[in-house]
Amino acid sequence: MSTETWNLFVAWAQLLLLFRISPQYVNAKPCPSVCRCDGGFIYCNDRDLTSIPSGIPDDATTLYLQNNQINNAGIPSDLRGLDKVERIYLYRNSLDEFPINLPKNVKELHLQENNIRTITYDALSQIPSIEELHLDDNSVSAVSIEDGAFRDNIFLRLLFLSRNHLSTIPWGLPRTIEELRLDDNRISTIAEISLQDLTNLKRLVLDGNLLNNNGLGERVFMNLINLTELSLVRNSLTSPPANLPGTNLRKLYLQENHMNYVPPNAFADLTQLYRLDMSNNNITALPQGIFDDLDNLTQLFLRNNPWYCGCKMKWVRDWLQSLPSKVNVRGLMCQAPERVRGMTIKDLNKELFDCKDRIGSNTIHVTTTVLNSLLPAQGQWPVPVTKQPEIRPPDINKIFRTTPIPVKKIITIQVKSITTETIYISWKVALPMTALRLSWQLGHSPVFGSITETIVTGDRTEYLLTALEPESPYRICMVPMETGNIYLSDETPVCIETETAPLKMYNPTTTLNREQEKEPYKNSSLPLAAIIGGAVALVAITLLALVCWYVHRNGSLFSRNCAYSKGRRRKDDYAEAGTKKDNSILEIRETSFPMIPINSDPISKEEFIIHTIFPPNGVSLYKNSHSESSSNRSYRDSGIPDSDHSHS
């Protein structure tokens, strides 16, 4: 091919390309004046806008509209024609309904911190490609979400509804959801149907709600076969939820609940679990072998629980000592008995567990006989019942015995006051049973008083009551339950009356940390420190007074020898510097400085020659061109002579 032919071909190609792309430049929209455009990113945020500006370029992909005052009426209909927009930031605006007229291909929508109350199918059906929907910090309630509102959003993966007004989990969520955040709402119940279709869910956050064990369906989590993280922090659970999905669960957060019991099979089959947190609960002991199935456990946090390091916790010490170094366990520090309080379980020797005699000499024994007739049982974890208390004087030696009748079951209770706020309870039963109801109330009256109840399983033989009133009487009762999970005939309780120890008998420290236990001993040295500090302060004041007296005395002698500096006024400095006229330095006296005429001609009224009074040392009071260079007078920054070098 010749050079001329090649050049002609290139020219035609350039011409065709120009005709091909020129319409795009002709039709391109300029950036709105109130916004800034950078390629496909349109920045209209933080401008106090009440509506979305028109004229957004067609090639826009991301709209930044946050921190304005845009309301629902401020979303124009032409916004829907922006087919390339995939991401919109509309948080911190004034929306009160789910916005419409949004681009149909948007995949990520941020609507946090508005006042959105309703979510309708009509609004969500306009964005069928949505993948991430952020609705945190709004006013969405369960009744304000239309049934089936999400049925067309088959690509939705992330749904954030934190800090709203939900009381239940919305029904009909798409099964494609992988992460669901519902923390800090008002959810008290979760029906099994709510989550049964979310088989792809990987992360579920339910922190800060009103959930208890009765509000969770028995199989509510079983279908979540792909769940890897479950968080139930800051709820009202009394034990870990049952039937956790064991296939893929890796993280389980249960801290800041009301858990006082952990069933032996609570974590059965959770072979993939590597992080478990049960801190800030009321757990006193752990059943042996509870962690046997946790083959991948590497992080176990059990801080701030009132661990009772009795014989039943000896296995925990042996288990801790057998763990490999990669397993990190934190928070297993004893609070009771008193002899081991503040010590970590791992550091205890077997003698400190006192497995031969777990109850001290000051225990109280109660034996009672119960009948074999049965009544229907109540819920497994009853809610505590509170009544008006009527406290009577304590009588810790009183023993209750029922009238001897044909014996079917015998229960023996032993109690011991461990600290000013805790009472240790142990019991023995003659026959195996499913569970026992344990209750305690402030005062002696079986009718009046603040009553708290809980259910303990039949395999347990001890319990630690915590957070009690110091030096107060308590009535502790137990009712056995048959294997049929129903109460015995007349619900005759096994009761004992005791009281917590007085404050003076125990160290006031109730924390689990050794450093905090040492604080009372630090306080005992306060009087000695105060005496030493007072003595040092007194000596310092005395020395300061002597120094002041000495300076004052020497200053008086010096002032008598240097009379020229006495009575000097500050304004003399200004007079010497020539910055202020001071008539007091020009004295007209008949005896010392008479005014002498220059000649004998009559002196007119306005012609006078006044001689300046010079100081004895010959230094002129006013500057002149001759003396300025030879003067030894020192000046401050303001041009005023220093008083240490000027004399009057």
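Cβ coordinates are placed from backbone N, Cα and C, and glycine is handled just like the others.
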According to Swiss-Prot, of the residues ASN226, ASN554, the one annotated as N-linked glycosylation site is ASN226
Quick one: which of CYS309, CYS311, CYS477 does Swiss-Prot link to CYS334 by a disulfide? CYS309
In the repeat 'LRR 2' (83-105), how many residues does DSSP call helix, how many strand, and how many coil? 0 helix, 4 strand, 19 coil
Residue list, the repeat 'LRR 8' (225-246) vs rest of chain: Cβ under 8 Å, 6 or more residues beyond ends. 183, 199-213, 216, 218-219, 252-263, 266-272, 278, 381, 454
Limited to the repeat 'LRR 5' (154-179), I'd like the whole-number average of pLDDT. 94
